[in-house]
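*Asks:* Have a look at the structure that comes next, please.
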């Protein structure tokens, strides 16, 4: 990472964060931004109680930002020792030809931009005109909301009534916080949206339907004046199926298909320096490397399906022995890894012995009992993860050479 002089940004009264999208690493925050962060990390700003975005992962914004699309996120920040919402405009810049960054610029709306009290209690949609035709014929669910009346829904088109499962009268007795799973926490977010310039902004929420079920939605919401009333128009798109597919793909990317455990790729992601700091396991942790003894013999003699049964049974045993906070990975083949946060060597050795004994008791129909050998190592000083893994691998190698079915420390 090339170091740049960002100190001139401290002259700005609006908060600015400069973030590396791929690691979600904060490169710089100006003075105004630091005041709003207190002791929070940037990731916590994006995942707080008032945080709303259209993308969970920052790299997914890159294409739209390159095409100069207007993207807004709402962060959870600290003001006067209280959490509140802050809208940010996202801009893509390059520190070098190969080093893109995303700038989060806080949009501090003047008080005079707020939506003033409307006359929406007397609102009645006219039967003719452009708005009536647009509202009635649109196939997307549309809600008209009055922020000045506690988020009262004052109108809904037929698509919205069909989507939420209410008749028009009942729908217009509800407030936006009654259909949003954030509850009243959505109110500061709604008021932030009411200040945003430049049209409607896509943000993701979870909405509750009349039958009690929930749907993931992407909403385009922004201020609008209709018949003299200052309101908010919210266009709703159901993205539940899209979210389900994204979650399935994300799970498949991070987990082993056969055992359901975390995979080697996720191990290296978690053990990146920035991730280790976030998980508070940067120093005091231990590693177990577990290998199934004579696994090739099991495959050759009893078949690969029985070998798969052994691996799945071993995976379940490791999960049952693991403590809260321990992470279990399938490393590949018949090898597994346990990452033990805040665990000294003697505790790691004790847990490894518990695993060894437990595995020896596992019974699978049509198979003799099987055993494991385990290497154990505790992270030392500034040791890299590769250096640590070499030590634990050497310990496992010695355990196998010394007769298998045993635990050895590096």
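Using the three backbone atoms N, Cα and C, a Cβ is placed for every residue, glycine included.
Note that the structure is predicted; figures quoted are calculated from it, not measured.
Pasting the relevant annotations from Swiss-Prot:
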DOMAIN    3-70  domain 'PAS 1'
DOMAIN    129-198  domain 'PAS 2'
DOMAIN    199-251  domain 'PAC'
DOMAIN    283-410  domain 'GGDEF'
BINDING   291, 334  Mg(2+) binding site
SITE      296  site 'Transition state stabilizer'
BINDING   299, 304, 308  substrate binding site
ACT_SITE  334  active site, proton acceptor
*Asks:* What is the separation, in Å, between the Cα atoms of residue 299 (substrate binding site) and residue 334 (Mg(2+) binding site)?
*Replies:* 11
*Asks:* Based on DSSP, name the secondary structure state of residue 334 (Mg(2+) binding site): helix, strand or coil.
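*Replies:* It is coil.
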*Asks:* Say you check the Cα of residue 304 (substrate binding site) against those of the recorded positions 291, 296, 334; which is nearest?
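*Replies:* Smallest Cα separation from residue 304 (substrate binding site) among 291, 296, 334: 296.
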*Asks:* Find, for the listed binding-site residues 308, 334, the residue with the lowest Cβ contact count at a 10 Å cut-off, counting only other Cβ atoms.
*Replies:* 308
*Asks:* Calculate the distance in Å between the alpha carbons (Cα) of residue 296 (site 'Transition state stabilizer') and residue 334 (Mg(2+) binding site), and round it to a whole number.
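*Replies:* Roughly 9 Å, rounded to the nearest whole number.
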*Asks:* Let's check the environment of residue 296 (site 'Transition state stabilizer'): how many other CB atoms sit within 10 Å of its CB?
*Replies:* 11
*Asks:* Centre the Cβ atoms of 299, 304, 308, go out 8 Å, and tell me which other residues of that chain have a Cβ in range of the substrate site.
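*Replies:* Those within range, site residues removed, are 298, 302, 303, 305, 306, 307, 310, 311.
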*Asks:* Tell me, how many other CB atoms lie within 10 A of the CB of residue 304 (substrate binding site), whichever protein chain they belong to?
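*Replies:* Residue 304 (substrate binding site): 10 neighbouring Cβ atoms within 10 Å.
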*Asks:* Quick check for the class: what is the C-alpha distance, in angstrom and rounded, between residue 291 (Mg(2+) binding site) and residue 308 (substrate binding site)?
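*Replies:* Residue 291 (Mg(2+) binding site) and residue 308 (substrate binding site) have their Cα atoms 14 Å apart.
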*Asks:* I want to verify one value. Collapsing DSSP to three states, which class is residue 291 (Mg(2+) binding site)?
*Replies:* strand
